[in-house]
Amino acid sequence: MSANIDDVPIEVSKVFDTILVLDFGSQYSHLITRRLREFNVYAEMLPCTQKIAELSWKPKGIILSGGPYSVYAEDAPHVDHDIFKLGVPILGICYGMQELAWINGKGVARGDKREYGPATLNVEDPECALFKGVDHSQVWMSHGDKLHALPTGFKVVATSDNSPFCGISNESEHIYGIQFHPEVTHTVQGKKLLKNFAVDICQAKTNWSMENFIDTEIARIKKLVGPTAEVIGAVSGGVDSTVGAKIMKEAIGDRFHAIYVDNGVMRKNETESVKKTLDEGLGINLTVVDAGDLFLGRLKGVTDPEKKRKIIGNTFIHVFEEEAAKIKPRDGSEIEYLLQGTLYPDVIESISFKGPSQTIKTHHNVGGLLEDMKLKLIEPLRELFKDEVRHLGELLGVPEDLVWRHPFPGPGLAIRVLGEVTKEQVKIAREADAIFIEEIKKAGLYRQISQAFAALLPVKSVGVMGDQRTYEQVIALRAIETLDFMTADWFIFEAAFLKKVASRIVNEVDGVARVTYDITSKPPATVEWE
């Protein structure tokens, strides 16, 4: 797919056939967009309160998500009735189906019993377009309310033991409702059902791919930035900032300026790795700033994790602004844009009907730079999920080991050194972390683990080395498995592996007397210790 600059609109939803997901606050809403994209149909999520008249594009179809409310409650959210004037297919899921019935004036009420968990779907009308090729199978229920009457113009196409209206359809209007959640993996044929809706009923083209995205996004960036404006962006050595920087390089060449700030609390050999990958390997215009002493000086005596985060965030902005001011654009141009590696989950959280979630920890980003430097924001990855960013990185030639690198927090090792952050403490955490990651890679486990690291605890423990009593510090190892980082399970290593890692750390890292392994899931714990 080749994209002409003049023909490319700013919104991705104007480039690709798009299914609009209207979110009523379900914990599963984001999974609907993920499932649709898995079979190459572009989907975008907006809050259920979205005014259809304000859309600048027309969706190929609309999905109403589930939600934790009762449609008959006084404060229940309701969809803009103009969705029915678009003449596009509509699918209501759980609360979404009840919303369709409620709009049609038919009974929705509290069920005799709530239905949470697996249920058996009985397909009553296999000729229904939505259920084409879908057999009697397990589905996932999560509801307390249910339909008590069939809306006018609809017929029953599926049932379950507790839901006589488990699936309803108005074939002439292409409007469908299902009481279960096809977006979760527990619904065995859920993906098939969603594909029936998006591809067969809505006739959406299956042209959403990273190959096509590259062409259209590069053209979009060129159109947005223009022929002379320049862009700056912070890079960290992580996958998001590297992929973002690479696509900017492909779009505008050396008019993109990447700034890497070494804050003194990075991973082992991080700065050298960033130079080698971005500057030498990917040809990105890179400025490296050694500000470790400044950051560590400002962190002196600070033990509170929130204060650490804020000090690092504010110091980063200060250093970044100073370095950006030194960049001298070519004649006739000026720096107008700031690159930020926003991903689609960040967008979803900000636009969800439920609103942004409660802040558990302050997130380290460059948002403050926009106001201070009077820059416009450019976010080339804002439509992508993490797995899509990784695929994009591979297509752009970003090295595989970087594309699949584990996440690293913005405040770096400062929040993995519990207590005061000093050069000596950082060195201990850094060396222990490097050994842990090295052994994980040797064991072929790195891609199976979502994130792994070593944290230095603010306690000391008695030990024996040689014939001498020691009283030194404790390292806690953490490794987790997760799909979305909203919940996570601890990774189960073989005992021999942990024994080897612990032995290496105690023997090779000065100042460590004991190694522990964190077996706490999220929740109740967070991934990081601070």
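Any Cβ shown, glycine's included, is placed from N, Cα and C.
For reference, Swiss-Prot has these:
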type	residues	note
ACT_SITE	Cys94	active site, nucleophile
ACT_SITE	His181	active site
ACT_SITE	Glu183	active site
BINDING	Arg309, Asp467, Lys522, Glu528	XMP binding site
DOMAIN	18-207	domain 'Glutamine amidotransferase type-1'
DOMAIN	208-405	domain 'GMPS ATP-PPase'
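Structure with Swiss-Prot features highlighted.
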residue	record	CB count, 10 Å
Cys94	active site, nucleophile	25
His181	active site	23
Glu183	active site	26
Arg309	XMP binding site	20
Asp467	XMP binding site	5
Lys522	XMP binding site	16
Glu528	XMP binding site	17
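Each residue contributes its Cα atom, and for Lys522 (XMP binding site) and Glu183 (active site) these two points are 22 Å apart.
Glu528 (XMP binding site) has its Cα within 10 Å of the Cα of none of the active-site residues Cys94, His181, Glu183. Per-residue confidence over the domain 'GMPS ATP-PPase' (208-405) averages 87 (mean pLDDT, predicted model). Nearest in space to Cys94 (active site, nucleophile), taking C-alpha to C-alpha distance over the recorded positions His181, Glu183, Arg309, Asp467, is His181. Across the fold, the C-alpha of Glu183 (active site) and the C-alpha of Arg309 (XMP binding site) stand 36 Å from each other. DSSP assigns Glu528 (XMP binding site) to coil, not to a helix or a strand.
A Cα-Cα distance of 39 Å separates His181 (active site) from Arg309 (XMP binding site).
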